[in-house]
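What follows is a single structure, written as structure tokens, with notes after it.
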Amino acid sequence: MELRPFLMCFALCVVYATSKPTEKKDRVHHDDPLSEKEHEDAENFDYDHDAFLGEEEAKTFDQLTPEESKERLGMIVDKVDGDKDGFVTEDELKAWIKKAQKKYIYDNADRQWKDFDMNSDGLVSWEEYKNVTYAAYEDDNDPDDGFNYKQMMSRDERRFKMANKDGDLVANKEEFTAFLHPEEYDYMKDIVVLETMEDIDKNGDGFIDLEEYIGDMYNQEGDPQEPEWVKTEREQFVEFRDKNKDGKMDKEETKDWILPSDYDHAEAEAKHLVYESDTDKDGRLTKEEIIAKYDLFVGSQATDFGEALVRHDEF
């Protein structure tokens with residue numbers, strides 16, 4: 001059975017508790033680049049392939065003929081077209097690219113799904129999740145490991161309710177994924193901020209002051225002198241984190257810190273793909289327009305640069 005989200009938190013707590021005092025804890029969530037490759041369309045479309053398909057899936061297209069690539073791309077386009085109106089918009093492309101880049105998250109949710117969907121109805125209820133995760137601890141008021149399971153269960157229930165959009169406390173696969181990985185979903189950002197503030201706000205006043213901010217990152221025990229990065233973080237708090245200069249971070253200031261508005265790689269790539277493929281310049285793509293530019297989206301053995309990859313028998 002997969003580790004539960006709260007057990008993952010335990011592991012992180014142990015790591016932080018046993019790490020060296022000079023090691024820095026990072027609570028900031030950043031979007032990763034879409035590909036490690038350079039975005040140089042004049043040379044190849046490798047970056048676009050990784051962005052549109054995800055790195056692992058892109059490798060499978062490298063072994064296909066142009067005809068096979070076009071056929072598989074056509075099936076993908078049907079999935080990208082979320083509203084099934086026959087056109088692919090920038091927003092639909094952006095959503096698809098984000099999903100392709102987060103495949104590991106969906107894989108993780110898939111692995112855990114079978115553990116929690118106890119009645120195999122294709123849904124996970126809060127009762128199912130609670131029974132699997134907390135049943136062994138519900139009546140134990142003094143667990144040996146010292147963790148407050150009732151408090152953790154209440155926190156999990158609050159997050160589950162937030163992930164469950166229709167409020168029936170029964171999650172489909174997408175809602176369950178949002179529960180497990182709230183930082184990846186816009187509508188779950190508030191719960192990420194709230195849980196972070198609860199973790200750091202030791203005096204319970206609903207704010208994060210300078211000492212709480214530093215104390216969450218740095219354990220001075222056994223360290224006679226603060227490392228330079230701690231001094232830098234103090235300056236960061238005063239200069240940038242505490243925007244209204246009241247000596248503490250509120251909810252919005254905390255959100256700006258842990259969920260910064262980074263450059264949106266998926267949005268930029270979606271705009272690029274539409275610009276390169278939209279032959280009639282109506283701002284949206286038909287399946288025909290996409291397949292005509294299959295080499296940009298998915299590639300194949302035959303490339304625009306005169307190279308042919310050897311097709312192995314196992315493919």
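Heads up, the Cβ atoms here are built off N, Cα and C, so glycines get one too.
Feature annotations, reproduced from TrEMBL:
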SIGNAL    1-19  signal peptide
DOMAIN    68-103  domain 'EF-hand'
DOMAIN    104-139  domain 'EF-hand'
DOMAIN    188-223  domain 'EF-hand'
DOMAIN    265-300  domain 'EF-hand'
Overall pLDDT for the domain 'EF-hand' (104-139), taken as the rounded mean: 90
Helix, strand and coil totals (DSSP H, G, I; E, B; other) for the domain 'EF-hand' (68-103): 26 helix, 1 strand, 9 coil
Number of helical, extended and coil residues in the domain 'EF-hand' (188-223), per DSSP: 21 helix, 2 strand, 13 coil
